[in-house]
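Report on one structure; see the data block that follows.
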Amino acid sequence: MNLDDEFDDDLDAERVPNLGIVAESISQLGIDVLLSGETGTGKDTTARRIHNMSGRQGRFVPMNCAAIPESLAESELFGVVSGAYTGADRSRMGYIEAAQGGTLYLDEIDSMPLALQAKLLRVLETRALERLGSTSTIHLDICVIASAQASLDDAVEEGKFRRDLYFRLNVLTLKLPPLRDQPERILPLFTRFVAASAKELNVAIPDVCPLLQQVLTGHRWPGNIRELKAAAKRHVLGFPLLGADSQTEEHMACGLKFQLRAIEKALIQQALKRHRNCIDAASLELDIPRRTLYRRIKELSI
């Protein structure tokens, strides 16, 4: 496997020289890694790929630190024993313990409460934990990958993130650049996402006209790769590239006729697939005469 090719979708080889070698070294050494970058730049995918290359037999366990209420965060992360507090009627492991032998991925760690950061630091340093309400120590064999959208340097200076935890996590930081800083990747990625979406939806691959290319390269892509994937799927379906509310030159050039033609073609292709190219069954589902269906198949080059 060519590791540089495998990681090209998510990381910038110019910012991280010999990226494949770096990624492989990370996975084999099992060191803690910090991924930084805006939303949609591929942090989740990168974390999972590092785990997959590591050869670790345990699970890849993702935890979104921003999605768990602060009142539940400690028990969710460290686990709990029965009777530790009112409502804890059974013992259960937390995210950290569930990653035993594998990789714990702490997504949006910049959202973790300060009190929990101190306890996480102790786990990272000792590679051991006690479940909430227990004095029994559980020794850990885990790799930890954390990601942050905001700058942790700024969060430390603002008192929102512990300096010692930052230094502990910052053994190696991989910065994933936003798509707007890599304009040369927009068209190749979009073309590939369009092909993948067309295959998924079982429809023909639509053209990417020069005007559409201008729209793609002129957009800022605040949602980065995630937004680009969504735009590719909308294009395959014949919908406005940048969402229903956007008024771009692409919409005016393609017009309603183009959009309706693309939607009609997709509907006919999907009906034919469901009925194994049986014209009678497809025309019945689409509620159009057989003669009309034959004509539209020819006109739409299906």
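Quick reminder: no glycine exception, Cβ is built from N, Cα and C everywhere.
Checking Swiss-Prot for DNA-binding region across the ranges 119-138, 219-238, 279-298 points to 279-298.
In sequence order, Ala47, Ile50, His51, Ser54, Arg56, Gly58, Arg59, Phe60, Val61, Ile142, Cys143, Val144, Ile145 make up the list of same-chain residues 6 or more apart from Thr103 (ATP binding site) whose Cβ falls under 8 Å from its Cβ. Listed as Cβ neighbours of the DNA-binding region (279-298) (distance under 8 Å, sequence separation of 6 or more from its ends, same chain) are residues 264, 267-268, 271-272.
Gln100 (ATP binding site) is surrounded by 17 other CB atoms, counting those within 10 A of its CB over all protein chains shown. Counting only same-chain residues at least 6 apart in sequence, those with a Cβ under 8 Å from the Cβ of Gly40 (ATP binding site) are Leu179, Gly223, Asn224, Ile225, Arg226, Glu227.
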